[in-house]
Amino acid sequence: MVVSLAGRDVLCLQDFTREELETILKTAEMMKIWNKIGKPHRVLEGKTLAMIFQKPSTRTRISFEVGIYQLGGYGLYLNAQDLQLRRGETIADTARVLSRYVDGIMARVFDHKDVEDLAKYASVPVINGLSDFSHPCQALADYQTILEKKGRIQGLKIVYVGDGNNVAHSLMIAGTKLGANVVVATPEGYEPDPKVIKWAEQNAAESGGSFELLHDPVQAVKDADVIYTDVWASMGQEAEAEERRKIFMPFQVNKELVKHAKPDYIFMHCLPAHRGEEVTDDVIDSPNSVVFDQAENRLHAQKAVMALVMGGIKV
C-alpha cells in the first residue's frame with residue numbers, strides 16, 4: 001500500500017499509525033543511502049521551511065538547516081527576537097502570516113501547547129522540533145538507528161533509564177507502536193505522563209509488544225537489547241539540578257549497570273550528555289555506544305519527515 005503523509009503535522013507520534021511510522025523510517029533509510037552515494041534528491045526545490053526557536057539547539061538547528069538545503073529548499077531561522085510574539089502578536093496570527101510565506105514550519109518550543117496552536121492556525125505542515133511533552137524527530141532517528149544496528153524493532157527489549165521526560169515519551173510511543181518491549185525505569189515521582197503510559201499500554205496490546213514501568217534500574221536493564229538515557233535536568237529545570245543529581249544517581253548508566261544487559265546491547269543518548277552524571281565515559285565511549293549514529297540520523301529522519309509532509313512524496 002502506498003502511504004501519503006502530504007500536509008500532515010508532526011506534533012506527537014501517537015498521531016501516526018504503525019504503517020505510517022514504518023514509512024517514515026523507510027524513507028529515512030532511503031535518504032541516508034542517497035546522501036551517501038551522492039544521488040540528488042532535491043524533492044523540496046524552491047520550498048521554504050520556517051524554523052522557530054524559542055530555545056537554542058545544536059543538533060536540531062544544524063540538522064534541519066542542512067536537511068532542507070540537501071532537499072533543495074531553504075531554511076529560515078527565526079528566534080524569539082525575530083518574531084512579534086514578545087510584543088503581543090498571538091501565535092495564531094503568527095501561524096497565519098507565516099503560512100502565506102513558507103511551505104512548512106518547524107518549531108522548538110518550551111510549551112507543547114505552543115506547537116499545537118501553531119498547527120491549529122497554520123495552513124502549512126508544522127513539525128515539532130522539541131517541546132516539553134514530545135520529541136518526535138529524536139525518536140524517529142532513534143528507531144532508524146536501532147533498525148540499522150539490530151535489523152528489527154519487533155520483540156527487542158528497549159530500556160529507558162532516567163527522567164520520564166519528553167524524550168522518554170516519544171521513545172515509549174514509537175517503540176510500543178512498532179512492537180518493541182519497552183521498559184522505563186525512573187525514580188518514584190519522576191514517571192512519564194500517565195496519558196503516555198496509557199497510550200504505550202494500548203499501543204503494545206495492538207502491536208504485540210509490551211510496556212513496563214519500574215523503579216529499579218538493575219531489574220529494568222536485565223537482558224536489554226537497548227539502554228537509553230537522557231539528562232536528569234532538562235532546559236528550564238536548572239534550579240532543580242542539584243536535587244535531581246542526588247535523586248537520580250542510583251539511575252546512572254555505568255559499567256556495573258550495563259553488565260546486566262545482553263553483551264551486544266547498544267547504548268543510546270539523545271545528546272548533549274552530562275558525562276559523569278546520567279552516563280559514565282566508559283559507557284558512552286564504549287564500542288556498544290551508538291550516540292553519534294543517532295545524532296547523524298537526526299538529519300536523515302528529519303529529511304524524511306520534511307519530504308513526506310512538505311513535498312508529498314509517496315512511499
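Along the chain as shown, the residues are counted starting at 1.
Every residue, even glycine, has its Cβ placed from backbone N, Cα and C.
The model shown is predicted, which means the values in this text are computed figures rather than measured ones.
Feature annotations, reproduced from Swiss-Prot:
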BINDING   S57, T58, R59, T60, Q84, R108, H135, P136, C137, Q138, C270, L271, R298  carbamoyl phosphate binding site
BINDING   N166, D230, S234, M235  L-ornithine binding site
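Positions of the features from Swiss-Prot, shown on the structure.
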residue : record                           : contacts (Cβ under 8 Å, 6+ apart)
S57     : carbamoyl phosphate binding site : R108, G129, L130
R59     : carbamoyl phosphate binding site : L271, A295, R298
H135    : carbamoyl phosphate binding site : N128, N166, V167, H169, S170, C270
C137    : carbamoyl phosphate binding site : V10, T60, I127, N128, G129, L130, R298, A301, Q302, V305
D230    : L-ornithine binding site         : Y160, G162, D163, N165, V167, A168, H269, C270, E278
S234    : L-ornithine binding site         : D132, D163, N165, N166
M235    : L-ornithine binding site         : K55
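Residue annotation for L-ornithine gives N166, D230, S234, M235. The furthest Cα pair among them is separated by 12 Å. DSSP gives C137 (carbamoyl phosphate binding site) a helix state.
Excluding N166, D230, S234, M235 themselves, the residues of that chain whose CB lies within 8 A of the CB mean position for the L-ornithine site are, in sequence, L130, D132, H135, D163, N165, V167, V231, Q237. Take the CB of C270 (carbamoyl phosphate binding site) and look out to 10 A: across all protein chains shown you find 24 other CB atoms.
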